[in-house]
Amino acid sequence: MFANYLTVALRTLIKHKLYSAITVAGLALGLTAAILIGLFVHNELTYDRDVTDADRIQQVLVTATLPGRAPEDGASLPMPLGPALKQAFPQVAEMARIAPQTSSLKRDETLFSEQAAVADASFFRLFDWPFLVGDRATALDDPNSVVLTAKTAAKYFGDANPLGRTLSVDGHLLRVTGVMRDLPANTQFAFALLVPMDSQANQIPDYLRQHWGGLMTMTFLKLKPGASPDLIQAGLPAFGAAIPPIRTNTGEVHLGDMFKFFLVPLTEAHLHPVRNAMVEGTSPIEIGIFTAVAVLVLAIACINFMNLATARASLRAREVALRKVVGASRGQIMVQFLGESILLTGLALILAVALVEVLLPSFTAFLGKPSLAFNYLRDARVLGCLAALVLLVGGAGGLYPAIFLSAFQPGPVLKGNSGGSGAGGRLRVVLVVLQFAISISLMVATGVVYGQLAYAQGRALGFNKENIVVLTDLYGPELQQKAETLRDALRQDPRIAAAALAESYPGSGTENNTGVNHPGAPADDGAVVLRRDAVDADYFSTLKVLQVAGRVFDREHPADAIPPADPANPQKLRHGGVVLNRSAVRRLGYASPEAALGQPLMLPGKEGEAGVEVTVVGVVEDFHQGSVHTAVAPQMFLETPKSYSQLLIRVKAGEIPGALDLIDRSWRQLVPDRPVPRVFLDAQLQSVYERETKTGQLFAVFSGLAIVIAALGLFGLASFTAERRTKEIGLRKVLGAGVTDIVRLLVWQFSKPVLVANVIAWPVAWVAMRHWLDGFADRVPLNPLLFVASGLSALMVAWATVGLHAARVAATKPVVALRYE
């Protein structure tokens, strides 16, 4: 029986080559998309699962809620938090902190910038990645030690054993105490070398190491066997409330009111995207979206099979009738057709596997996920998943055709009735509508994503990002002085339009906040928290930020600059100027930007120092310092030279190559012991939206794929419909119908389902993309023209698919169509 089924199935596939090719091609494309997305989803769900006792490790995160700001989750925590948690909760067996930094390493006379991190000596007691040389248990005990990854060790020491040798890190000679295997690709950590927390190469300022207000380190807890993280979580609110307040001259700041700590299992941390993570996380919503896309693309491929199988019912009706006459049951016939469906899916899977092998390197490079691997020949679980996929897709696509075909009655069929039914035709129309509704929805989603990205990286920024080079991480008095010298020198060159020093730059991810007291403070609290940035007199002109009221800092008003505290008299009140953005004006309660001018504000000083009284000298328009996912923060700008650590350089259009050479040469002359820390501002901002950019590109690919698969099915249906109506077409031509009339007839038949699909797709896409856009504080409005354009595009594809085939059929001579009449 099985041999007979297989023989018949193969004969059918060979006899109806066009039908077989369309079905296999559609299923293969759908399976390829599903496999690639499945590999991505599996990778995202398995981060850090290779760590021993990963189920006992919890990451501590914080929800920071600043007055007047939306809550925001973050991975960076105060440095004193980890030791305090270990002391407060007996369930904690080990605690480790880690903080990323960029370090300068020297090989021979060549300088390199490397992604480094500082960590507690206990770090490797939580994360037991294999060591190639050295003792993992003691590798970070010595403050002058450094642990390298295998790739970094090979870069600086070649094939030689680096253990015990010294390496210059940020100008400090550190001894290599271990070489670990390169980090797994699916981990939330990213570093080329690791130095101890108490190392001289630690770039965290000393005053922040015991400061509860500075968010500097990621913190992890390893619980004792059997300990419940719920007990710790339940105690965290009381723990936070007991954090000592920060005392300033303007009053106490209770951090427990702003910071709410919570635990996330290590294996789930990647699925909880937060600010300041080493590796950007992936939200469960994103996982769900791509899973849904895979299911939808597969559904379109299955619909193709169902439509073509039921449309060709009359060609198999006599076979079914004869089988029933000789004793075949309906169940046996269903098994036969399901078997054919699974066979087709199996053939499609072979083609899909080949396509995945070809596309996977490009797919992994595009996603930046080198851990994606398709080990179907070495992993029985992968083979099992592929087999299950074949059964699922083959069964889903073949079930209705099997039920439909097995229902034919022998008597009417053998008397000449084709066995087709109106119900089957109506279902085919419904399925075509569903196919194109899915495709149109994906096209709309693609357009919305690209539109939001263009808006976020252009009009929504509030400043001009083009042709700006940034020299970053200029920390310390010596580098700050050299940065000022470099800024002044670059300004003299005709290729440089402007240059400015600042504490941060848009897209850097750094943020400082300060409580401000003023007479018009809202009644709910005595202090307003504003984002604080130190900038020089040329900052706003360099970024081309719009001025709203008053003036910005300039060299004609040196009194705007806030002097450092006098060591001989730290209680002496200092004065200076402040520039606010429009959001800060609203937050401070002023009626208008003009009303804020001349108003005094009181800023807190460090412990033991008097505060600073500043006067509002100007107001600038809001501009984004980070992603447009969040609203522009109320912000103040101060002229405090000791806080400058970034040099922004605007280059004149067309002068980029020469200006870069000038910048690099000037840097090497001033700072010969460090590589040039140069980034382009537009590239930095683009990286902020890298995930959304890739999402848009993937949507474009998969929506295009959905349209192609739907068009394949439509072509098959049009081909079969034209074949069934050959004699009708011949009669119409005899009666005077032209080729255009015939084409219009067939095209209109298949246009109606696409038009109905638009009616379904538009509201669904509107609701879905409205929800997606809600994740942005600044967002592009949904444009009805985008929906119309997507619908017209789908209609054009349908016309092209059906029209070309219809024109060929319509051009056939009537005598050929009617020769058997």
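Note: Cβ is positioned from N, Cα and C throughout, glycine not excepted.
Listed in TrEMBL for this protein:
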- 20-236: domain 'MacB-like periplasmic core' (DOMAIN)
- 293-408: domain 'ABC3 transporter permease C-terminal' (DOMAIN)
- 437-655: domain 'MacB-like periplasmic core' (DOMAIN)
- 701-812: domain 'ABC3 transporter permease C-terminal' (DOMAIN)
- 21-41: transmembrane segment (TRANSMEM)
- 287-309: transmembrane segment (TRANSMEM)
- 337-360: transmembrane segment (TRANSMEM)
- 380-408: transmembrane segment (TRANSMEM)
- 429-450: transmembrane segment (TRANSMEM)
- 698-722: transmembrane segment (TRANSMEM)
- 785-804: transmembrane segment (TRANSMEM)
Recorded stretch, among 21-41, 287-309, 380-408, 698-722, 785-804, maximising Cβ pairs under 8 Å relative to the transmembrane segment (429-450): 698-722
Have the transmembrane segment (698-722) and the transmembrane segment (337-360) got at least three CB pairs under 8 Å, pairs 6 or more apart in sequence? no
Restricting to the domain 'MacB-like periplasmic core' (437-655), what is the model's mean pLDDT? 88
For a three-state summary based on DSSP, what are the helix, strand and coil counts in the domain 'ABC3 transporter permease C-terminal' (293-408)? 97 helix, 0 strand, 19 coil
Taking residues 6+ outside the transmembrane segment (287-309), which of them lie with a CB under 8 Å of any CB in it? 19, 22-23, 26-27, 29-31, 33-34, 37-38, 40-41, 44-45, 271, 337, 341, 344, 393, 396-398, 400-401, 404-405, 427-428, 431-432, 434-435, 438-439, 442, 698-699, 702, 705-706, 709-710, 712-713, 716-717, 720
